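Peer 1: The structure follows.
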Amino acid sequence: MSTRIRLFLLVATLLIAALSSLMVGAHWIGPATALKGLIAPAPEAVDQLIVRSSRLPRTVIAMVVGASLAVAGALMQTLTRNPLASPGLLGINAGATFAVVLLVAWAGSASLAAWSLGAFLGAALAAMLVWWVAMRGGASSHGPLRLVLAGAALSALFTAFSQALLVIDQQGLDTVLFWLAGAVDGRAPSELAPLMAVALAAGLGCIPLTRAMNVLAAGESMARGLGIKVHRLQALMVGLVVALSGASVAMAGNITFVGLIVPHMARRLLPADHRIFLPGCALLGATLLIVADVIGRSVAQPREIPVGVMTALIGAPMFIALLNRQRSAHG
Amino acid sequence: MATVAAHDVSVGYQKQRILDQLSVELPEGQISVLVGSNGCGKSTLLKTLARLLSPWSGQVLLDGTAIHELPTQAVARRLALLPQHPVAPEGITVRQLVSLGRHPHQSWFEQWREEDERCVEEALAHTGLSALSERGVDTLSGGQRQRAWIALTVAQNTPLLLLDEPTSFLDLTHQMEVLELLQTLNRDQGKTVVMVLHDLNLAARYADHIVAIKEGRVHAQGAPAEIFTAERIHEVFGLSCRIITDPYFNTPLCIPFGAGFPA
C-alpha cells in the first residue's frame with residue numbers, strides 16, 4: 001500500500017472517530033442529526049444542542065490534545081534517540097501537577113482558566129529547570145541522556161512535593177483527583193482558545209525543522225558532519241515539546257501513553273521521514289484519544305471513565321504487543 | 001581539490017588534554033591513515049579535523065581557512081565525516097539514508113533537485129547498492145550497512161572524506177570490501193581520504209601516507225615503508241615485532257611477537 005493511501009486512510013479513520021464521538025454518549029444521537037447540528041443548527045433541537053455545546057468541544061479538545069501529545073512524543077524520541085522517551089521525561093506532567101496542587105492549596109478552588117494557566121506555567125518552568133540542570137557546565141555530546149536523567153530526578157521531586165501538599169490538604173485532593181486522571185469534557189473551548197493556539201503554532205513550527213530532524217535521527221556526530229547546528233536544533237525541539245505537551249496537560253490533565261505509543265504505531269505504518277512521520281503521528285494521536293474518550297464514556301454508563309485512565313488501559317497492552325512483535329522480528 | 005591541516009592544535013575533554021600542540025598536513029588526493037595505540041588521540045584528531053571538537057588553542061585549516069570561522073554547512077560541502085559506529089534510524093531504507101548526504105547542498109526554499117537525485121543514484125551505483133536501495137538498512141549485513149554509510153558520504157560529494165575506524169566490528173572479508181571501496185573512490189574520483197585504522201597490515205596495504213600518533217603528538221609520518229619499522233612500532237605501540245615485506249604486495253608486513261617472544 002502506498003504512503004499516500006495510508007495517509008488517506010488515517011484521515012478517514014480520524015473523521016469516522018470524530019463523527020462517532022458526536023453520536024455516542026448517555027444519549028445516542030444519529031449521524032444525520034449530529035452532522036446537522038454542526039452544519040445547519042436548528043436553535044430549539046435538543047439533540048443538536050448537545051452535539052454543539054458538549055460533544056463537539058470535547059471532540060475538538062481530544063483531537064488537539066491527542067495530536068499534540070503524539071507529536072511531542074515523536075520529537076522526544078528523535079531528540080533522545082530513545083524509543084522509550086515520552087514528553088513526561090522533561091518533567092512536564094510532574095511540573096504541571098505540582099502547579100495545580102499548589103494553586104488549589106493556596107487559592108482554594110480556582111476557575112478552570114486559572115488552573116489551565118497554572119498548569120501550563122508549571123509545565124514550562126519545570127522543563128526549563130530540567131534543561132538548565134542538564135545543560136549546566138556546557139552542552140556536551142551526552143546532552144539528551146543528561147536531559148532524560150535530569151527530567152527523571154526533577155519529576156520525582158515535583159511529585160513528592162505534590163503528594164506532601166495533598167496529604168496536608170485533603171480537600172484539595174478531591175478537587176485535583178479528577179484533573180490528575182486526565183479528561184477532555186466539561187471544558188469550554190473559549191477558555192482553552194489560547195492553549196489551542198499555542199499547540200497549533202507549535203505543531204506548525206515543526207514543519208520547517210522536519211528535514212533537519214531526519215538528519216539528526218542518524219546521530220549527533222553525523223548531523224554535525226552534515227552541517228546541522230545540532231545544539232540549536234535540540235533546543236528548538238525541546239521548546240516545541242514544552243509548548244505541545246504543556247498546552248495538552250493544561251487542557252486535559254495527565255494523559256499518559258499517547259506520546260509513548262503513537263510514534264511506534266506510526267513507525268510501523270509510515271516511512272521514517274519526519275515530513276510524513278510527524279503528520280502521521282498527529283492523525284493517529286488525535287484518533288487514539290477520541291476513541292479512548294468514546295470508549296470511556298460508553299462502557300460504564302451512566303458514569304464515565306476518565307480518558308487518561310482509558311489511554312493507559314488501551315495503551316499498556318498495545319505497547320506490550322508491539323514489544324513482542326519487535327522481539328520476534330529481531331529474533 | 002581540498003586540503004585539511006592542523007596547526008599547533010591542543011584539545012581535550014573537560015580538563016584532560018588529549019592533543020598537545022599537534023601539527024599535521026594531510027596530503028591532497030591521497031589515502032592517509034592515522035595509527036597509534038588506544039587513547040593516543042587519533043580519533044580526537046579526526047574529530048577535530050572534522051570540526052566536531054573545537055581546539056583549545058591552534059586551528060584546523062580547510063583549504064587554508066580556519067575551519068571554525070567557516071559556516072558549518074559550507075564545510076559540509078567540502079568535507080564529509082563518517083563517525084565511529086553510526087546507528088541508522090529505525091525503519092530507514094538505504095535510499096533514504098544515502099539521501100541524507102544531500103542535506104548540505106539543499107536550502108530551505110530550494111529543496112530536492114535533479115542534481116540531488118543524480119548524486120544519490122551515483123553514490124548507490126559506486127558502492128554497489130543500487131539493487132538494495134529499497135531495503136531497510138537494519139536488514140543488511142554489517143559490510144553492506146557500512147557501505148550504505150559510505151554511500152551517504154559519497155552522495156555528499158565532497159573532495160575530502162574522513163572516517164573514524166570504518167572497519168571495526170567487520171570480519172576480514174568485509175574489512176577488505178570497505179577498504180577497496182575507499183581506494184576506488186580515491187583513485188577514480190580523486191577524493192582525499194583520511195581514516196583511523198587499527199590493523200597495521202591493512203593500513204600498510206591501502207595507505208599512501210601514514211601518520212603515527214603517540215601521546216597527543218605526531219610521532220612520525222610518511223609512506224608505509226618508511227614508517228613501519230620494528231623500532232618505530234615498538235616506540236609507538238610498545239610492541240615487539242618483526243617487519244617483513246609482503247611477498248605478494250611488497251608492502252610492509254608486521255609480525256607481532258608480544259612480550260613473550262622478544263624479537
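Counting starts with 1 at the first residue shown.
Each residue, glycine too, has its Cβ placed from N, Cα and C.
TrEMBL labels come from automatic prediction, so no person has curated them.
Feature annotation from TrEMBL assigns transmembrane segment to A:58-76, A:88-107, A:113-135, A:147-168, A:192-214, A:235-264, A:276-295, A:307-324.
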Peer 1: Counting Cβ pairs under 8 Å that are 6 or more apart in sequence, does the total for the transmembrane segment (A:147-168) and the transmembrane segment (A:113-135) reach three or more?
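Peer 2: These two segments touch.
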Peer 1: Where among A:58-76, A:88-107, A:113-135, A:192-214, A:307-324 do we find the most Cβ pairs under 8 Å to the transmembrane segment (A:276-295)?
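Peer 2: Between the candidates A:58-76, A:88-107, A:113-135, A:192-214, A:307-324, the best contact partner of the transmembrane segment (A:276-295) is A:58-76.
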Peer 1: Among the recorded stretches A:58-76, A:88-107, A:113-135, A:307-324, which has the greatest number of Cβ pairs closer than 8 Å to the transmembrane segment (A:192-214)?
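Peer 2: Going through each listed stretch, the top one turns out to be A:58-76.
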